[in-house]
Amino acid sequence: MELPHLTLVLGGARSGKSRHAEALIEALPSPWTYVATAQAYDDEMRERIAEHRARRPAGWETVDAPLDLAEAIAAQPVGRPILVDCLTLWLTNLILAERDVAAARAALVAACERVSAPIVLVGNEVGLGIVPENALARRFRDEAGRLHQALAARAASVVFMVAGLPMRVK
Amino acid sequence: MELPHLTLVLGGARSGKSRHAEALIEALPSPWTYVATAQAYDDEMRERIAEHRARRPAGWETVDAPLDLAEAIAAQPVGRPILVDCLTLWLTNLILAERDVAAARAALVAACERVSAPIVLVGNEVGLGIVPENALARRFRDEAGRLHQALAARAASVVFMVAGLPMRVK
Amino acid sequence: MELPHLTLVLGGARSGKSRHAEALIEALPSPWTYVATAQAYDDEMRERIAEHRARRPAGWETVDAPLDLAEAIAAQPVGRPILVDCLTLWLTNLILAERDVAAARAALVAACERVSAPIVLVGNEVGLGIVPENALARRFRDEAGRLHQALAARAASVVFMVAGLPMRVK
């Protein structure tokens with residue numbers, strides 16, 4: 001069963017995913033919820049987070065959810081559009097915290113099913129390079145693929161970003 | 001000259017390539033031939049092979065062809081649908097065994113031309129990351145690109161998988 | 001504002017980008033300018049450059065522009081079709097030479113706006129693998145993404161190459 005309110009925005013690094021996802025939400029009446037999954041482990045990350053925040057106009061309310069994403073989605077006011085940016089950092093946080101990834105994935109899908117507001121999820125496509133030598137990196141890209149597939153199967157709209165432009169997958 | 005019976009399914013890690021390719025073949029009357037190119041070098045690989053086999057329904061006959069892929073295709077009963085999963089492991093095996101990759105590629109294309117049954121080939125897209133520091137990895141991704149191009153030029157249908165969904169390339 | 005004469009050809013390693021870009025230009029009346037950004041740092045690179053040159057038919061005039069790409073484009077005869085191959089090596093050269101990448105990017109976009117002849121730019125998509133451990137590689141892929149986005153926003157045509165075949169992005 002497809003969820004008409006669910007959109008998945010995939011793409012590589014600096015492919016314009018966040019900007020496209022924000023534009024999708026900002027086309028709707030505000031206020032909007034920005035669910036941020038980033039945890040700043042270092043200066044490079046802090047800089048990226050600050051850059052992303054500075055770009056967002058008024059109308060956004062930011063909620064931090066580095067681990068408990070399903071709960072953060074469920075806690076939003078009924079009908080308020082939600083942007084989740086991004087699945088990739090969330091997955092990284094889950095793995096580093098040794099959470100049960102399959103359970104968290106199922107909970108996220110279930111949370112997306114329960115909301116009725118438009119929800120846009122952003123994810124990095126990381127599986128199109130050479131097989132990483134690092135076992136953790138291999139596990140990470142396998143889990144990212146499983147997560148994207150589970151969400152894409154339910155989403156009414158899936159786009160693959162190339163150079164800032166959306167290619168429609170579904 | 002395009003081969004109407006030839007389909008190429010490309011995509012990244014965990015993009016749903018095998019599942020999509022299997023569904024294409026399973027839409028045809030059984031029995032079907034599954035040409036497996038995997039060689040289990042370690043436990044991680046053995047686990048993946050077992051997982052893939054367990055997922056396949058009755059109707060599949062598995063043929064192992066880690067190196068002699070053209071010969072395995074040529075040996076199939078006339079008219080029986082064939083799935084080759086996957087080109088990437090085959091290419092890895094060829095390089096590790098120091099086979100002549102260009103000759104093997106030409107033999108594979110020739111074998112695909114000679115069969116009349118539907119044949120679906122699965123390959124990993126590995127060329128969309130940063131240039132690998134490892135010379136063998138660079139050679140591998142160059143050969144993978146050449147192989148995919150040679151097959152895509154002949155295939156009537158080429159799809160690029162994103163999050164379990166096929167994008168039509170040709 | 002879109003530039004009707006500007007085309008961007010993106011894709012992975014060995015995806016047929018150069019061949020496709022050359023075919024686009026060769027469909028126009030010669031002579032054509034080939035702006036080569038490659039600098040041969042080693043034998044592997046020298047071999048690739050020689051291979052690319054040997055493939056080009058008469059009608060091409062080659063101009064080397066490892067760093068001053070905007071100037072090379074501006075210096076071309078009015079109306080002559082231009083191929084730039086490739087943006088990725090140019091960006092690598094800029095970073096290694098410690099040039100101001102943002103300024104060079106702006107100058108390139110401005111040069112593309114000033115020419116009236118067809119211009120085709122080739123770039124490697126490098127952002128679809130696992131996040132590189134190397135900080136320079138991360139910076140490189142961020143800059144590549146920004147460059148591709150800036151050009152794609154102005155181009156009338158953007159294609160993403162898969163196995164030698166163009167997928168239309170725009």
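Heads up, the Cβ atoms here are built off N, Cα and C, so glycines get one too.
Automated prediction, rather than curation, is the source of TrEMBL annotations.
For reference, TrEMBL has these:
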type	residues	note
ACT_SITE	C:HIS52	active site, GMP-histidine intermediate
BINDING	C:11-18, C:36-38, C:53-56, C:ASP85	GTP binding site
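Of all Cβ atoms in the shown protein chains, 23 besides its own fall within 10 Å of the Cβ of C:ALA13 (GTP binding site). Sorting the recorded positions C:LYS17, C:HIS52, C:ARG56 by the number of other Cβ atoms within 10 Å puts C:LYS17 first.
Listed in sequence order, C:ILE49, C:THR62, C:VAL63, C:ASP64, C:ALA65, C:ASP85 are the same-chain residues six or more apart from C:ALA36 (GTP binding site) with CB atoms under 8 A from its CB. Contacting chain B by the Cβ rule (under 8 Å between Cβ atoms), the recorded positions C:ALA13, C:LYS17, C:ALA36, C:ALA38, C:HIS52, C:ARG56 reduce to C:ALA13.
In this structure, the binding-site residues under consideration are C:GLY11, C:SER15, C:ALA38, C:ALA54, and the one with the smallest number of other Cβ atoms within 10 Å of its Cβ is C:ALA54. Secondary structure from DSSP puts C:HIS52 (active site, GMP-histidine intermediate) in a helix. Taking CA atoms as the reference points, the residue listed as 'active site, GMP-histidine intermediate' and C:ALA13 (GTP binding site) are 14 Å apart.
In this structure, C:ALA36 (GTP binding site) is part of a beta strand by DSSP.
In the three-state DSSP reading, C:GLY11 (GTP binding site) counts as strand.
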